[in-house]
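Structure first, commentary second.
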């Protein structure tokens, strides 16, 4: 109601008008996103209980690049991703040196193509079911569209546009020839039989197969789409099109999949943070002896945890959708415990079964309805690896107060914008003793990097060894880190003793590469 009132009176308001709102936990309502449709600039300060908005009535300044128009539906997840990138570019020297890139950003923000379709399938009771299917083919300047398929009841166009937009620049940072895209359906695989999932996958691919191909669009797995679902979809495509081609990545090892693909995002995340630790310590430190808090318990979290343990670190937390599981012993999670968690996840069971068992109840504590960040005690490294917006502003403060020095997103947009602002403010104020934040588009690029390597193997009809793939993954993550680091130094010069901004460097490096390719191909001029 406050938003509607402000919009109705906007012709009579003065520059600097302030609106005050109460806030809810997690800030599910974001009035600043709505008001940006009507005012040139909206700045805000948020606390756990209050939100203060300041409205600018004056004309747009020359570097402000609006995306949202009042005739478009609200897309909060996408708008958050767009604002984060646009803000980074505006606050760097990129637009001063290359003002023409402002136009490139406006064009890159709009997907090349959005495909929306119905998926009609039959459950085990012979009842007709229907879901909405999507594929956002966002940008193909650097190569075929590349990005995962998500099956989850919360899937909507805003979430897929946010994921696809992030995917463009993530893929650019890998150095491989891949564009950006994302897709999925509002189908919930939980509680479904194998036959129901197979029938859904066939119905989904029946429509999607019209729009993808090895040199056009190569989807992969994501939430709700693992090896089983990829297999069903690949089989459906082969049956419908009568072609065996690498149209999906994350395939089984015996029929075109790459070794290290399931592990890639988690391993790559840890390799990236390893470079952060080495840079910050002048090469004197590594993961050895570090306490590491991880959220999630899927592939990313599991393999990140295993790699941390392999490198000498101690994993002190994981989580699922119902709560967090915290290690109460000094040795933390062991590979054996993580194997049990992997088995529970495969059977779609909760982590409470592990923490309540007689064998492990003394080593693990389950906190229902919580995320791990406020409950893990002293921590050196935080790796959010569950879903978007899983680290809030107060959780960011908690991590800093608990001694965290490094945070890197294993999930896409794992931190809220307020949390990122807190991390970046700490980086500037505390210099070398600050927490150092790495965005998902760089830190979790390992998964799509090995997907790209899988595409290369499929094209050559070859299969590389685990060692070959792992070595290439390490090099790609090293390049991702160094590219973001050096770009930040060039366009957002850090103060003396201050860590370069990896979020700014990664955003600018990925955007520059895509924008230049779009220009060369005549997409903007």
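Any Cβ shown, glycine's included, is placed from N, Cα and C.
Please treat TrEMBL annotations as automatic predictions, because they have not gone through curation.
Per TrEMBL, substrate is bound by 167, 170, 221, 451; the candidate from 146, 190, 431 named for the same site is 146. Of all the binding-site residues listed here (265, 299, 451), the one with the fewest other CB atoms within 10 A of its own CB is 299. In this record, substrate is bound by 146, 167, 170, 221, 451; the longest C-alpha to C-alpha distance in that set is 16 Å. With a cut-off of 8 Å between CB atoms and residues at least 6 apart in sequence, the same chain places 167, 171, 178, 179, 180, 181, 217, 218, 219, 220, 448, 451, 452, 455 near residue 146 (substrate binding site), listed in sequence order.
Shown in sequence order, 147, 148, 171, 178, 180, 220, 249, 447, 448 are the same-chain residues outside 146, 167, 170, 221, 451 whose Cβ sits within 8 Å of the Cβ centre of the substrate site. There are 27 other Cβ atoms within 10 Å of the Cβ belonging to residue 167 (substrate binding site). Set side by side, the recorded positions 170, 222 differ in how many other CB atoms lie within 10 angstroms of their CB, and the most is found at 170. The secondary structure of residue 170 (substrate binding site), as reduced to three states from DSSP, is helical.
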